Amino acid sequence: MTHPDWPPRENVDLTERTTLGLPARAEWFVRVSHREALIRALEWAAQHDLETLVLGGGSNVVLDTFQPGLVIEMAIMGRRWSDVSEDRAVLELGAGENWHASVLYSVSAGFRGLENLALIPGTVGAAPIQNIGAYGVELSDVLVSVSVLDRHSGQVRVLGPDECAFAYRDSVFKREPGRYVVLDVRLALSRSRPVNLSYRELADWLDGHQPETLRAADVAEAVSQIRRRKLPDPALLPNAGSFFKNPVISRDTFERLSAEHPDMPAHEVEDGIKVAAGWLIDQSGWKGHREAHVGVHSRQALVLVHHGQGNARELLDLAARIREDVNNRYGIELEIEPRIYPLALRDGW
């Protein structure tokens, strides 16, 4: 009997499979819901000499109008608790699970650790690739391991945090694109972990609450409300969330810039001073800027938006001009967060 997800289909529209909603079509497309199906799809692509792209929720990618090769939609599901004690537990999540739904699942069980990462769009499989982070917390703070298919060896491997080489919005998965396919992640959560209110905006939002009385669900709801207020809903205004990383600069560079711009938002991190990319873009006059089909969000300069009928090249051209302007004004070169496909479209990034 033919499985509904097999064989791969030809010339499939991907427009609704990314949050930017840019027109895109896959030469070939298949959905995989278990490891064996993934391996089968990769073998099929190799037999037909096709490149591959594994696509999750499509919330952090920019796709050109034609994606050559085989696009594999990751749909490996599953949520499972293990190593459960009175205070601690490990939550194992399949790569195809929705991230925000998984956060709500964890806090509803009374466990802390993921609440600051609420309402981040996309699937679980993308979380370690980006080392997603928000409101003072990064995935690497709670990650135990990531199960991956290593395409160099063809073997399933379990990588710990050190092997993942996490950094700010970065990991080994981004540095070696195409090598690893994330299968599942394991996260260490706790009932007694103190809530993290280190991010000032979150602390201000919850002002009046005693931290020791706050539940993880309270923090997750506060984070969700802040994000809804600041960021556009992709269902209403297509976007990929923060399009640029907050740059980390040297202390000398920061001291020089802050002498000229004393109100520049910044904070110290391990390898320098992190400054707010949104502020740099806003101060350069781009906030609210609109061109024919793409633009910069009116409330959050970090977010590039698609107004309809645009394409990836228009969006990346706008991003390139913003980056050039910021670099000319401040001597800081911005990096974009989303991954760009196909590889030929990445020139200059």
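Just so it is clear, glycine is given a Cβ too, placed from its N, Cα and C backbone atoms.
The model shown is predicted, which means the values in this text are computed figures rather than measured ones.
Database features, via TrEMBL:
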| type | residues | note |
| --- | --- | --- |
| ACT_SITE | Arg169 | active site |
| ACT_SITE | Ser242 | active site, proton donor |
| ACT_SITE | Glu337 | active site |
| DOMAIN | 21-192 | domain 'FAD-binding PCMH-type' |
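Around the residue listed as 'active site, proton donor', the same-chain residues six or more apart in sequence whose CB sits under 8 Å from its CB are Ala277, Leu302, Val303, Glu337, listed in sequence order. Using a 10 Å radius centred on the Cβ of Glu337 (active site) and all shown protein chains, the other Cβ atoms total 17. Every protein chain considered, the tally of other Cβ atoms within 10 Å of the Cβ of Arg169 (active site) stands at 18. Mean pLDDT for the domain 'FAD-binding PCMH-type' (21-192) in this predicted model: 97. When secondary structure is read from DSSP and collapsed to three states, Arg169 (active site) falls in the coil class.
Following the DSSP three-state reduction, the secondary structure of Ser242 (active site, proton donor) is strand.
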